[in-house]
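According to Swiss-Prot, the features are:
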ACT_SITE  H12  active site, proton acceptor
ACT_SITE  H119  active site, proton donor
BINDING   K7, R10, K41, P42, V43, N44, T45, K66, R85  substrate binding site
COMPBIAS  14-25  compositional bias 'Polar residues'
DISULFID  C26-C84  disulfide bond
DISULFID  C40-C95  disulfide bond
DISULFID  C58-C110  disulfide bond
DISULFID  C65-C72  disulfide bond
CARBOHYD  N34  N-linked glycosylation site
Amino acid sequence: KESSAKKFQRQHIDSSGSPSTNPNYCNAMMKSRNMTQERCKPVNTFVHEPLADVQAVCFQKNVPCKNGQSNCYESTSNMHITDCRLTSNSKFPDCLYRTSQEEKSIIVACEGNPYVPVHFDASVAASA
C-alpha cells in the first residue's frame, strides 16, 4: 500500500517540472499522477521545488492545520507552485483543470519517523 509520505510526493511534488505556462499542465499531470481515476479530484497543488526543500518545511514554522490539528508547518520562504482547479463544466472521466502559477508559502501536515509531509494543507501569500 502506498504510504502517506509517498502519496504526498505523488500528488504534490514536481521537482523536475519548472513552473510551466502550459495551460494543459494540470490536465496532463492530474491524469499521470492518478488523481482522476475514480473521480476528478477538485483541487490540487503541485510544488516545483526539490523534495528535500519541501520536507524541510516540517521543521519550519508550526501553525494550526485547517482541521484544527497542530502538526502543520508553514514554509519560511516562497515556493513555486501550480494550482490545479477543476473547471465547472468538467464531467468524469473527462477531468479538465485550470492551471495557475503562483509563488507562495506552503503549509503541510507532517508525521512519522522520519518526520515528513503527509498532507498539503494550504498555500498562503508569504508574510513579508
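Positions of Cβ are set from backbone N, Cα and C atoms, glycine also.
In this view, the densest Cβ surroundings among the disulfide-bonded residues C26, C58, C84, C95, C110 belong to C26, judged by other Cβ atoms lying within 10 Å. Rounded to a whole value, the Cα-Cα separation of C95 (disulfide bond) and K7 (substrate binding site) is 20 Å. Recorded residues T45 (substrate binding site) and C26 (disulfide bond) have their alpha carbons 9 Å apart, per Cα-Cα distance. Spatially close to C72 (disulfide bond) yet at least six residues away along the chain are N62, V63, P64, C65, I107, V108, A109, C110, D121, judged by Cβ distances under 8 angstroms.
The CA atom of C26 (disulfide bond) is located 10 Å away from the CA atom of V43 (substrate binding site).
T45 (substrate binding site): 20 other CB atoms within 10 A of its CB, across all protein chains. Using a 10 angstroms CA-CA radius around K7 (substrate binding site), the recorded positions that qualify from C40, C58, C84, H119 are H119.
Residue environment of V43 (substrate binding site) contains 10 other Cβ atoms, counted within 10 Å of its Cβ in all protein chains.
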